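> Sharing a structure below in structure tokens format, with a few things to ask.
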Amino acid sequence: MFSLRSPWPAGSPRTTSHSRLIAYCIALVIVLADQGIKYWVHEFTPYGWRQPVTSFFNLVHVWNYGAAFSFLADAGGWQRFFFGCVALIVALWLVVALAKPLPWVERLGYALVLGGALGNGLDRALRGYVVDFLDFYAVDWHWPAFNIADMGIVCGAGILMWLAIRNKSVDHG
């Protein structure tokens, strides 16, 4: 029978290296899925393409030269270098953080953010912009288009915020 429990004691070198490997694999899966879909969208659909899927969701092909919600998209080009450096610094910090013994939920949060930072960072380095392809909307109101890397960043950051809030409330009774 399959068990999610490790056969080694918590915090042992074997458990830490096993969970570290799983975290790096999670980050890699996010990068590969994100880049694979972005490649397909970029190569096989024209810019501006839109394919309705449901009454609230489209597949699209748009480019984001800025950060979240197209922040600084019209800044003149310097943001490509700036956001690329930020992604690289965050990714390096996360690789170092993941090398340390961590609770598995915290490790998952870091792995998701790492995969997202690398996915969008690769776009910025290779193209100068991020390819977005998921468009959710209600009537005429559209949430800004996003991608799998963005989902990794948001979910990972959400986990880390939840842990910080939970730990703060535990510390203060």
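Each Cβ is built from the backbone N, Cα and C atoms, and glycine gets one as well.
Predicted automatically and left uncurated, TrEMBL annotations should be read as such.
Taken from TrEMBL, the feature active site covers D132, D150. Sequence annotations record features per position, and here TrEMBL assigns transmembrane segment to 21-41, 53-73, 80-99, 141-165.
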> Over all shown protein chains, what is the count of other CB atoms within 10 A of the CB belonging to D132 (active site)?
22
> List the Cα distance (Å, whole number) between D150 (active site) and D132 (active site).
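If we compare the Cα positions of D150 (active site) and D132 (active site), the gap is 9 Å.
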> Mind checking which residues of the chain, 6+ beyond the ends of the transmembrane segment (21-41), have their Cβ under 8 Å from one of its Cβ atoms?
49, 59, 61, 98, 107-108, 110-112, 114-116, 118-120, 122-123, 131, 133, 147-149, 152
> Taking DSSP as the reference, which of helix, strand or coil describes D150 (active site)?
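DSSP assigns D150 (active site) to helix.
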> Including all protein chains shown, what's the count of other C-beta atoms within 10 A of the C-beta of D150 (active site)?
20
